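Enquirer: When I checked TrEMBL for this same protein, it listed these features:
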- 1-138: region 'Disordered' (REGION)
- 1-10: compositional bias 'Polar residues' (COMPBIAS)
- 57-78: compositional bias 'Polar residues' (COMPBIAS)
- 87-103: compositional bias 'Polar residues' (COMPBIAS)
- 360-396: domain 'Zinc finger Sec23/Sec24-type' (DOMAIN)
- 433-672: domain 'Sec23/Sec24 trunk' (DOMAIN)
- 677-761: domain 'Sec23/Sec24 beta-sandwich' (DOMAIN)
- 772-872: domain 'Sec23/Sec24 helical' (DOMAIN)
- 899-972: domain 'Gelsolin-like' (DOMAIN)
Ligand SMILES: [Zn+2]
């Protein structure tokens, strides 16, 4: 990629999948069971031999753009630093082993030299034109796109982003021919009927995705013409398109032959289109300033035949950075775009087909679950779309429980839904499914009691005890700690909870192991007593110490026999016992120096404990509520490796910070009541020839591709990086499957399976046309977090800038046919430089301005484990003008009218004093009122008489009986409803303290230490035109 920026660390994924550790060797002396064995395949001994990248002496240095030179530490990638990660891999102080390159992956800084040799098993029959863009360096793109065969000479620039033409997806029943293939041409040929019974009309094309079938066809026995769901079958010789009936029947049962003329799916599928698709329309960024779409940024649709695309996985769950997969790693390297997947596997779904089956059909060879993209060879055989093994269709799979018909295995829900859940039979259990077990670990030191958080936790729990996910077996327990650890005996029969104090924190033991976790139903009264009395019990405490480590050790001992969830509430730096930490934050809190120190953990204690937890199916969620430095980079490891989550409320205080108290309360309710899966594992498989090499998120990699997730929650996102190990020349499509096996809170073992199918392409322009700029940005953000920790913040920043430069350069030199001045980019990537600049100014990566270390580390945590939609709002907040909203274009949901104002560029230029603007960055919303905002808006929405009367700390909109009030509230409520956690609202005016926070999000503007968007574009242009 652009991975140029990051590639050198990828190999670390095998061993330290969650990122490098400062002390890798010492990590797992006693936990070999959880340790991923070192993978020699990632140890690239050729690293040292890699060609020298363009280096300091390569005359790449150019004068800085105007205004940059005086801010050298904040400059984007100095050309001298450029080979980016080369420098890091040779001289950075990072631990050894963490920078090895994947051996299969040509060094991505190799772009100065010749591309690696093309695959040696390319059939000569293909001719050079079919794959030349991957195998050589054609100066001009169009040469690579000469279609093979009698396809009209459409530019490959046509087609890609367009939906498939209607010709492919609909077969009208009356057009069917008994022995012919449907005139879809993109489907395979059905075999001739074995019994001579004419096949039913192929109406399944029309209602793919529904289980209905026409009456009279349901019970048709075997021997009918067979639909192939084989993605490979939809492409064949171009000539096929016009003469679909002559294709030999045998073709259907073959793997696509190596010699088959290749045609990019875009071209093949969309031969009716000839104009340049919108995705590839060339944009000159220096001229077109307003690039934001009026609504949300659209997700590119993979260029598959429409009937396959209709079955594809929702982009809300499964997204790929490139919706057209390059045929070779060489081609991918040339595109300089990162290849990876973004997943939100346990997302709350309004519709989820659930199947109970004693025999879950999977590939015998690679264990892939049967899915919409397998192909049926005939009624009794299906071919795996990941490894191509031909498997038998089990007898019971012949019956379709949905349509109650026999003989239509391809209509089973498993083959009609790319997202499906199975209730697993006993073979998927290593032990009886565990009960839901919740253990709360509460800081009760003086500092903690001062913040007043304990009341909120106890009150929220009291209110939600009956709705905690679980069944009759659900257990709950409490541990509190200051300089000692306190347990609560909740045994049935006690008249009140009994507090047990263990003061030996060096070797903490469990006083009464059997009575500390109590059945929620049986112990409810005692629990309620405890929750009511806890806040008072410590109100006069003078204890200032924090024995967090010993409390966690005790909690682990208590939970390890069953597994479960620890919820830890911490308000200060742990000071005594194991895991005690020292303040490391620089006094100035400024990253004005070249780099930010202490992004890596100070101790292995929390990671080791997390791995112990992971091995015993315990996840740890951390709530950090503190105004002081708590060393989140060390503490966060406890959640990161145990698949927990981190929640951070800086400057939390019940009285001083009421809006944060409100947010904490609402977040906690969501946290306590959201769905939860226990003792989970997730495996991501991909079509043979591709591999996953680095994972991002909170988990531990138990074996090469098995993520251990003691808990899984619906708000967790994951990302993976992939490479192409073998050329995909024979394939027209590849698939990715994520299977999440978990125990529901009701004690059921379930498997949620998502399958994504994407076309394979052989031209750079097709790759660019399918680029998903948001997915690319999110993956780069995760990679940059790893880079910041393993190398340095400045390295990560340079790599981000280079990611933009590299892909723009590749586009300019290898795709554009007409060179013209300006900074040119295809429409689908037009927001890429803006997003990269936004990342450079994001709290995680910014320099020069004040950013508390814990806040920075928390921002990094969020980039790693939030789902894509929330990451994008964090990176590039949304700005709307709200004082002139109308109902034009409004949504109508449940009889509520929701106005849809246009998203504005993040620039002060867009603000005006006589208006009001709402900014939404995901966790906080600011409603900024201009000094000359119309008095009507101020009275009708804010309920005050004038601008001057707007209170300083206003965080609620009054419910006024005016059209403006209900419109504004409807819009804000709608934004809030669309995310799991509750964003607070601040109504601000020019004098407000929070105005600086609001202005900090004006990404397009120049600041004291960072470039404006336009200056950044000029910098990119300089680098690209070299
Ligand atoms: Zn298989």
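Cβ from N, Cα, C; glycine included.
Whatever TrEMBL says is automated annotation, not expert-curated.
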Enquirer: Using a cut-off of under 8 Å between C-beta atoms, tell me which stretch among 360-396, 772-872, 899-972 contacts the domain 'Sec23/Sec24 beta-sandwich' (677-761) the most.
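Expert: The stretch with the most contacts is 360-396.
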Enquirer: Note the mean pLDDT of the domain 'Sec23/Sec24 helical' (772-872), expressed as a whole number.
Expert: 94
Enquirer: Residue counts in helix (H, G, I), strand (E, B) and coil for the domain 'Sec23/Sec24 beta-sandwich' (677-761), per DSSP?
Expert: 0 helix, 60 strand, 25 coil
Enquirer: For the domain 'Zinc finger Sec23/Sec24-type' (360-396), how many residues does DSSP put in helix, in strand and in coil?
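Expert: Breakdown, helix to coil: 2 helix, 12 strand, 23 coil.
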Enquirer: Per DSSP, what is the residue count of the domain 'Sec23/Sec24 helical' (772-872) in each of helix, strand and coil?
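Expert: The composition, in the requested order, is 71 helix, 4 strand, 26 coil.
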Enquirer: Which residue counts does DSSP yield for the domain 'Gelsolin-like' (899-972) in the helix, strand and coil classes, in that order?
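Expert: Breakdown, helix to coil: 24 helix, 12 strand, 38 coil.
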